Structures are given as C-alpha cells and as structure tokens.
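To keep things clear, I will list the structure first and then write my remarks on it.
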Amino acid sequence: MNQEVMNLFNPTAPTQTFDQIKISIASPERILSWSYGEIKKPETINYRTFKPERDGLFCARIFGPIKDYECLCGKYKRMKYKGIICEKCGVEVTLSKVRRERMGHIELAAPVAHIWFLKSLPSRIGLLLDMTLKDLERVLYFENYIVLEPGLTSLKERQLLTEEEYIDAQDQYGEDSFTAGIGAEAIRELMMALDLEKIAADLRVEIAESTSELKPKKLAKRLKLIEAFIESGNKPEWMIMTQIPVIPPELRPLVPLDGGRFATSDLNDLYRRVINRNNRLKRLMELRAPDIIIRNEKRMLQESVDALFDNGRRGRVITGANKRPLKSLADMLKGKQGRFRQNLLGKRVDYSGRSVIVVGPELKLHQCGLPKKMALELFKPFIYSRLEAKGLSATVKQAKKLVEKERPEVWEILEQVIREHPVLLNRAPTLHRLGIQAFEPVLIEGKAIQLHPLVCAAFNADFDGDQMAVHVPLSLEAQLEARVLMMSTNNILHPANGSPIIVPSQDIVLGLYYVTIQKDNEPGEGMVFGSVSEIEHALAVKAVTLHAKVKARYTTKDADGNSYTEVVDTTPGRMMVGELLPRHPNVPFDLVNRLLTKRDISKMIDVVYRHCGQKETVIFCDQIMALGFRQAFRAGISFGKDDMVIPEEKAKLVEETQTLATEYEQQYIDGLITQGEKYNKVVDAWAKCTDRVADVMMQKISAVQIDPETKREKQINSIYMMAHSGARGSPAQMKQLAGMRGLMAKPSGEIIETPIISNFKEGLTVLEYFNSTHGARKGLADTALKTANSGYLTRRLVDVAQDSIITEEDCGTIGGITVQPVIEAGDVIVSLGTRVLGRTTAEDVMNPATGEVLIPKNHLIDEADVDTIEEANVQGIKIRSVLTCEAANGVCGACYGRDLARGTPVNMGEAVGVIAAQSIGEPGTQLTMRTFHIGGTAQVVDSSFIESNHAGTIKIVNRNVVKDSNGVLVVMGRNVQVQIIDEHGGERASHKLTYGSRLKFDDGDKIERGQRISEWDPYTMPMLTEVNGIAEFEDLVDGVSIREVADEATGISSRVVVDWRASPRGSDLRPAVVVKDKNGKILKLANGNDARYLLSVDAILSVDNGAAVHAGDVLARIPTEGAKTRDITGGLPRVAELFEARRPKDHAIIAEATGRVEFGKDYKNKRRIIVHPVDESLEPIEYLIPKGKHISVQEGDVIEKGEFILDGHPAPHDILAISGVEELAAYLVNEVQDVYRLQGVAINDKHIEVIVRNMLQKVEVTSPGESITLPGEQLDRAEFDEMNAKLEAQGKTPATAVPVLLGITKASLQTRSFISAASFQETTRVLTEAAVSGKVDQLVGLKENVIVGRLIPAGTGGMLQRLRGEAQNRDDKILEDQGGATPTASTEIKEPAEGAA
C-alpha cells in the first residue's frame, strides 16, 4: 500500500509530447552517454544465491536493484534511503523497474564493422569506399591486407595484398615506406580519411560528363549516399563500432527454473560470446601474442558481434545447446513474431472475453445477449466501485468476496452498471470495419453470446460454432465513440458500395416471400377491408387466406405531410408487410405490393433509409425480421425428394446432344475439322444441353398447378421458393440436383469433354463420380491457399493506403476524370448513374439533346440527380476524383465525394485509404472461400455473336467491309464500330466489330431489338484477302515452314504453318500467301502495298496453292485458346498482379504515336515493326516482336496512339507513359472491377482510385533544372512540388518530372515514414537505409502513430491534431503581428529552427 501512497506525493512525469522521430547511426560518444557502466565479465547470476555477479551481464551496480528500494547486500531498505548509493555493494536504492531502462556497454579491444551496413544490400560501407563487398569481407575477416598509404612505392592506394605479397612488399620497399592495414581498423581509417564534400563535387562533375548509359546510374547511387551522410551529420566511421551497447537486463531475462536450471534469452548467450572473445583478445594483446593468434581472435570477435546483431546474415548460423538458431537483435524486430507486428501493431486487450455465439431473434438491432457470468467478470471494477459507493463493502477485498459469492445485490448492481454501457463484439477474421461493432448488452442465462440475426452478414457469422470476442470500452470517450460511431444501428450501409448491409437473409426472406405470394381462387377473394385489424380478424377465423386477392385501405402521407387513404389491390399478407412501412410520400405501397425476393427487400430498405432516415430504418428492419421469422415458422415449408422434379424432356435433349457429339467425332475422323475445333464444338454442345435441361427443369418446377377439385392453386414447390426468394440455394445448385451436373473441369482448368449426365437425385455412376472429384478437391485446396493470399493482399493494400486521410474540404482543382457506362457485348453492365452516384461533378452536366445544364459543377450527385442523368440519356460525365486531387497530404472531401457508409458528404479526418483497402480486400477473402460451392462445374465463357438490345438505325463507323464469294458482308477493318441510333439521333449502343466477323445489317438499315448484328467464329481468328485474284504460296517450304499434319485419329491432313526458324534452312524465310492477277503480278491493296499476307506459327491454311479467291474469303485460320473456366482463382492473382503493377507474361505492345505501320528487316528471331508517326517532328518508332506471335496490324495500316500492335494484357506502365494517368486509372479500375463483377461483388470505383493514387505518389525527374536532383531520381510528388516551389521563389529553373507507377509492395516500402515501412516488410533494409540518411518520421500516417502509441490522426484522433495545428498557426500569427517592426528578426530565428528539426 505504501507504494501507492508514495505515488500520490510524486506523480510520475507525463511522457513528453513529440512531433517527430529521427533515426540515425549512434556515435561512440552517444553509446557511452546511454551507458551506466562497462560490462567486463561474461557471468550472469550466481547459481547458489541467485544474485547477479558484479560487472557481469546482470550487474546490479550498473543496471539497478533487483527489489524495489533495496540494495543488493541488504544494508539499505525502504523508501527513506531513495537515491543513496550503497558503499558496500555500489547499488543505487531506487525502483527495480530501472532495470528495464538502463543500458550498459562493452568496450571493444578492436573495432568491429556493423553487419547491417556491411551486408544489407547495397552495402553502405562498400558504396562509400567504392569497394566491392567481396574485397571488403576479405579485409574485414583478415584474409587480405589493404594499402592505406602507398608512400613512394609502386603500390596503389586501396590495393589488396595477400599475406605473402605483404611480406614481399615489406622486404622490397622497407617496412616504413608504406602503410597497409587489415581488419576493421584499416577500413575505419579509410572512412575517417574520406572528404565527403569533395567526393560529392567530383561525382557531380563525373555524372555530367559521362556518356554511357549505366555509369551515371551507378555514380548517382553513390552520390545519393554521400549526400545523405553530409545532410544527416552522420560520420562514416560510426559504421565501424568501438563500443557495443548492452540492452537492459529485464529485456533479456534470465529466470531460474526449479531443478537448478535456467531459462534464458538467446541474447545473453550472444553477449556472453562477445565478452569472452573480447576479454581473451585483451589478454592476448597484453601478453604480446603472435600476430596470427591476435588476428584470429579479432576475426572471431567480429563474427560474434555479427551474430549478436544479425545471426545468420553472414557465415554459419550460431546455434544454442538445442541446435536451434539463436535469436539475434535483428530477429527481435523482423517478421510476424517481431517487435513491430507482434507487440506494437498487435497488442492484446484486457477486459475482454470470448464465447460461442447463438442466435437472438428477440433482440433489438442495437442489443446483444451477454452471459451473466461473463458480464460479472468483465465489469468487475465498476461493480467494486458501486459496492463501495453504496456502502455495501468497505474494502476491495470485501467487495471481491461479495462478487465471488454472487450475492443478489451484486446482480442488481450489475444491471445498473451495464445499462447504457456499450460493449464491442468482434468476430475474427476482421476483414473490414464492420467486423467490430458496438452493442448494448442484455444479461442472459447460459454461457453463449446472443447475436442479432441481421448483423450476421456484416460479421460474416453463422451459428455453426463460431466464436466472438467481447471488449469493454472503459473511458467515457471510448464509450462515446462506441455509441456514436460503432453502434450497429449506425452501420446500416456497406462501406464498399453504399448498399444496405443489414439485409434479411435465409428464413426471414423465405417468410416474407411466403407472405407476399398471391394466388387465384383462394377463399375470401374479392373481399374489401377497411383496416389491418379487420384483416387480422378475418385471417383468424379463416374467412380469408394470406394469399387471396383482396382490396384494402392503405393510409399514407402526401408531400405536405397530410395523411390520406387509398384503396389498393393486394393480399392480406402484403398488407401485413405494408403496415410496417414508414409513412412517407417517397415510400409508396408498391414497394411491398409484389412478390418480395431478397433483392426487393434490399431495395425496400435502401429506399426507406434514403427517405426516412436511420431511426425509422432500424425500427422497420427489426419489425420485418420479426414478421419474416414468424411467417416462415407458420408456413412450415419443408421439402422432400419428390420436390426435385426431373423433366421428362431430359432424355430427349441428352440423346440429341449425344448424336451431335458423335457427328463432330465423325467430322473429325473424316478430317473436316481439327482436334481443337472438335473439342470446342463438343464442349459447346454439352454446355448448351445442360442449360436447356436446366431451363426445362426450372419451367417445370416453377409452373403453377391447379387443384382440379377446389380450383385453387397448389402449394408452390418448396425448393423453387427457396431459390427464387434468395433464401438458400441457387439455380446452379438446383440444376445439379434435378437437371444434369454438366461439364467438369480438370485441375488444370481445361474442361473434360464428357459431361456428367446424371444429377444428384438419380445418383452418379462410378465414372461420373470420379470425374467430379477433380472439381471438388480443387475447390477445397483453393480455399485453403487463397484465404492466406487474400489476407496478404489486404495487408499490402492497407499498408499502401494507410495515410490517405481526408485533410481538407476542397482542394479547388479543376481536374477530373471522365466516366462512361460500362458496356460489354452490347449490354449496359453498370449504368452511368451507378458510377457517378455520390461523386462531385467537375463540369456542368449538359442534356445532350437540348444543351441545358442538368447539374452544375462542384455538385454532389445524389439519387435524384441520377434519375435526371438516366432520363436525359447522358453518355459521359466529368467528375472529380482522388486521382487528380491536389491536396498536399491526404485527399480532399470534394474529390472523394460521398461517404458510402453514411450516405452524406465525407467527414474531415475520415481514413478513406484504410476503408478502400478493406473494401477491396474483404471480398477477396469471401470469394476465395466460395470457389467450391458450384462443385467445380464448368461454365464456358464465350460469345460468338452480337445481339441488339435496342431498336433503331444502324450506323457503321470506319466502315471497311466487303462482300465475300457467298455475298455475305465481312468486316475487314480492325477498328470498325457499329452504333445503334434512336429516332432522336442519340446513340443507344455501340459495339466494336471483330476482324473477320460476318455482318447481317449494313449502314442505314433498321434493326429490331433482339436481332443479331454480326456473328463470328469464336475458336479461330481468320486472315482475309481484300482483293480478288489467285492465291499463291510464298516461302511455304514443305517440312521447313509448313507441314501436312495428319491427325492421328483420322489420317486426314491439314496444312499447318510450323516454326520455320527451328531449322537452319528456314532462318530467312517469310511464309506468306500472296494474291496475284491472271498475269502473275502481285496485286496492290488500297493503301498501295502488295497483297502479301504474312503467316504466323500454327496458322491452318484454308486455300490451295493457285486457287481463285474472292475479297473477304478466308486464306488461313489461327486457332485461339480452348475455353477455360474463369473463377476467382484467375481472379485473386489477377487483382494482385494489377495492384503490384507487374508486367503481364505476354504483354501487349502499344503504339506510342499515331502513324503508318511498316514491316522492317527482321532481326534474329524477331519481327521488326516500324511506326512512322503522322506528326513529322517525331522519329519513327521501332518495335521488335517475337516471330510467330500474331500481329494484329497489316503493312500500311494507320494505327492510333494507344492502340495495340500485339494483342494481350497491356502493361500498366506502358499505358501511363503513352496515354497518361486518366487512361491508366480507367484501365486499372475496369480490370479490377471485371474480376469482382464476375463474382457479383459490388465495389465502388473510388476505392480502387484511392489505391491507384497511392501507387502514383512518386515522380521521376526527367530534367533537373537548377535543382540538386539527378535525372532518373525518384521523389515523392509532395517533395518534388515543395522543391519546385522553392526554386521558383528564388527565380531558378524548376525541375520537370513524369509520374511513376509503383506496385503496392514497393510503394509501401517507399513511403516517407520509415516506421511504417519497417513494420511492413524487409525491416532490416528499411532501418539501415533510414539510419544512414538520418531520416525523420513526421508521424503523419496511421501506422506510425499506432506504433509510437499515440492516437491516430484520423477520425476523433485527427481532431486534436487539427486543433493543435490551428493553435500553433494562431500563435505564430500573433508573434508575427507583434514583431511586425522587425520581420527580418523573426525569419532569422525560423531558419535554424527548420534546420534543427
């Protein structure tokens, strides 16, 4: 107790507030200033007395007493001797916790190189001295001498000499004529002799004068390091240590176990080795031992210090007694178990508990059920203080007894304590911020936590044994934040897409679906009801059923808020739901007057939230939930095996397809089609068959059946109800239950040709069962692997985006990006309205027909505006985007737009970066877990025709078509587009036509909805002739460039172009088909070139030598890949590839300028393509393309800047360089969205944009102007702008730079904050780099602040920082006003302050 009393009298000094943290290399003086004494002996603790040995690693004299206020020998005990140093044992009487703070040091007998600066690549010592790492190690580990001072001899400075050479040189030149050294001492002398300023100046000159490509890069690296040393004030020789600090003993504890053994930290072993070797070296030096022995001892000392700092970085790993590698200081920081990630970013929490969750349907949305036992334990301190306040107990001990006995008054007090005190519930894995929410606890019996059913979706929880953790917010501020920000009722919308996340599912959906069914000829049809109570009465006496068609009176409000009633045609069930709807003019009864599926319910909740606000929505959701559960229970829906109806038509359909497959097989045997074409066709046929069986089955199951006697409709099929309502199951699963399972994929992703004809009801044959195991097993394996991958992706995303915070209301930029609807194969997949909802306009939005302003600029687009945009049929809108935001640090509110989770403009201090990362990462994990649900059934992703979705007139842009010999229109151009124009002349749809597709309509034709515009063969890419004439082969040498490939199965041969470069004879062949006229002259094409069509490898010839061809005929076909299934497996790695900005394997080659294409002279095995730009001032651009790749342009084509010369995925860096930031952003956003859309996951574009903004935070200097930067140097965009602003202020030429795209891992490691980077990856490298350049961390991001233990500068934590900043500015202004007479003085004071910081 006396300890506490004392603490009242001397309150501990509050920790000093600090604004930044600097890291640099410790000088020997600095190390000594930390130390409380030198450690001379390797001993630790006396094993009999358990007292620390004097001058040893645990010495009490150096580090402080073991017991509070008690010296070692026991002469001084108690507080009153505080601060006295005992004359007998030399220990200061003070708190024992100083043993956690005080450091010691070891005085080394010989200097030692710090391994981090030596071995962490690039080696800093090596760069400084301009020596290779190999040479350095030779000197440091005593293999070679190095010449320090050649004197008048013919030796060179820094020349390495072996032992023999050194002795020879001494003999030859005399011992004193030159100096050579060995070991760290020699390196240290070289370091001390460096004149950094001079070297820097020399290097600058050298870089300016150098002509080669690589040299300046190398020199620039060295120059950068030297400048870092000059700027930071670090001295190079500090990288060689003469003292070693020893960390406090409590941080490397030694604990006696029973049985006389000790458990110790590995560091003690490592320190002991260093001390032993150091002492031995000292003794040998005193004894004047032979040089070779001393050298050996010094080498061993160097090795032991290396092991202490970073064990295993060089040479063998030092192991302990049990053969396990010892954990060195570097290992303490590194990795998931290191200091950063284990203790600083991932702390454990007191006042928490965990238990299994069960469903609590009678809870309100803001409540959770907390077991009494748990609550009693968690709220103990509150209960104690209440007991004391009420006078029921005098001491804490008494209170403890009362609580342990569980007296009745304790329960009463617990009820009081718990009232209005929210608790946090968390379910691991916490993938997004909705994984932790606050609830008000309700005490319950039992041992399981009760959870409200509607929040399950947010937690991704189910009740099959999931556990959840409970945390108690203690302080008033914490309770306030929990209630205002984290309460489940405040988190109704999903932060990723702004749709409601509190959506009923499963039983509730089924109940609501059942209630809203409408049937004919029910008892009570046509009755009229005046109120809901009448309906309830009628239902109770069975005068009417839930599903009867009746009329009823519904009361609602008009726009002025007055009530009025209307009579509606509805059913009693729908009236029950309608009764719960909040009354509002914009919430019509039509919302519930329909068959409610999950999607309708979600829409209904969304509408209610937008118009009636949060409170109404929460009440409404709770009521719907209760109704849904009650009705599902009353309905008693169940299903049996007979509910799975297998259609009779199945046998017929299967038989038809079987004959088709046999027919294709026969065609293949006859040699009419290739193996690949047969495979594709068979797979196609079976996929169609499966779909048709599924359709027939769905019609069968969903058909309404009438009972002949009562004329009433029969009960709807239960399985259909479940799937159709969205409660459970999907058509895909029903197809497998009662249709046919269909095609299966091999583990490689290829589709097996033979489908599974049976369904689960019939049962699979052994062979079918075996085929289906592939998919099932792959699904399970995928799940395990990808959960980890997805988690890692989220971690990288969070790390790159963590310092994107809303820092200002509006940055005032005029920039923005233009957004258009997403159209695929003519379908509008994402409408323009959906894409711009919640964004700020960058320009006025005009009505394309009338030209009037629909929405002014700088206006936040809401739902009403979206309707306006859709009605006016606007095609594109320029909106503000975080990509073009000009806020100095963070992002501004106007560029970000709406906060999706609240539906309001985003607040200041919102951590939008983390929200973006979670929104992208969270579904990744969800999706990876969802691969095996469809049991690996293959879905062929393919389209081979375009259908019109609108009626209108056809308009063909860049029309380049010909009629072939059959009179069919064939597309000959690569950028032909077809547009459908409505009667007002507005463009309804636009499709790009593939080369070689067959057109059904021509320019100006009328088209109806659903008619096919064009068709093409999806399996091959044709090569067409543009002129009529006679086809002749060129360079098609049998056996070299062309082979008759006889199909093994059929014996029929087709002529295939083979890789002609493989044989020596074919090296200069250029296989082609030329078209000649009757006289044998090569015909000319429209663009003036010869009609020569170059062939690529694997092309299959379709014409014979000398055959007559007609324009538009196919000369050759190039087979495309077989259909592989796409599932998120392709997805997750694809998302990672995009965010990491990797170059794809076969990346596309993009034209850098608009120009004419010409084929140059081939180079080895590459084709040379030259683009002659239209703009005369530009040089022609050459591209080398591997032969055999199919090039999508012909000689003489005009290609636009940004178009593909070689198809494939484009490399994002190319898009940035050629088309700019906006194009790059559009590409990345669309590609990422494609992956997620395939899985039906909605993510708002702005989240992806936030990540892309952080990938573009660096710029590369192109011309340095008058700055001190170097060409090719990468700078932070903010740093670059600051630098240029300073240069302009001084009237100097500013530097110019281009944006650089970095992958997320690289961008995270290159943030301005070294603390954040070190806690992410490659800790050693980051810290080494930061220390050398004396980096300062300004603590602006979230992560750095968590690590140093401060509030994060976002949300409520950001408020304090802003206030402090404002106060600081105010003070500065006042000082400036007061010192108005002498402004110069104040500026002078400021300069060194900046420098000092």
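The backbone N, Cα and C atoms fix where each Cβ goes, and this holds for glycine too.
Source: prediction; values computed, not measured.
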Record-annotated Zn(2+) 2 site (Swiss-Prot): member among C689, C811 besides C885, C892, C895: C811
Additional residues around Mg(2+), ordered along the sequence, whose Cβ is within 8 Å of the centroid of D462, D464, D466: I357, A461, F463, G465
Neighbour-count leader, CB within 10 A, binding-site residues: C73, C892: C892
Sequence-distant neighbours of D466 (Mg(2+) binding site) in its chain (C-beta under 8 A, six or more apart): V356, I357, R427
Of the binding-site residues listed as C73, C86, C89, D462, D464, the one whose CA lies nearest the CA of C892 (Zn(2+) 2 binding site): D462
From binding-site residues C71, C73, C811, C885, the one whose Cα lies nearest D464 (Mg(2+) binding site): C885
C71 (Zn(2+) 1 binding site): tally of other CB atoms within 10 A of its CB: 25
Among C89, C811, C885, C895, the most crowded of the binding-site residues [Cβ within 10 Å]: C895
C86 (Zn(2+) 1 binding site) and C811 (Zn(2+) 2 binding site), distance between Cα atoms, whole Å: 65
Candidate nearest C89 (Zn(2+) 1 binding site) in space, where candidates are the binding-site residues D462, C885, C895 and distance is Cα-Cα: D462
Spatially closest candidate among D462, C885, C895, the listed binding-site residues, to C73 (Zn(2+) 1 binding site) (Cα to Cα): D462
Cβ-Cβ neighbours of C86 (Zn(2+) 1 binding site) (radius 10 Å): 20
Cβ atoms near D464 (Mg(2+) binding site) (within 10 Å, other residues, all chains): 5
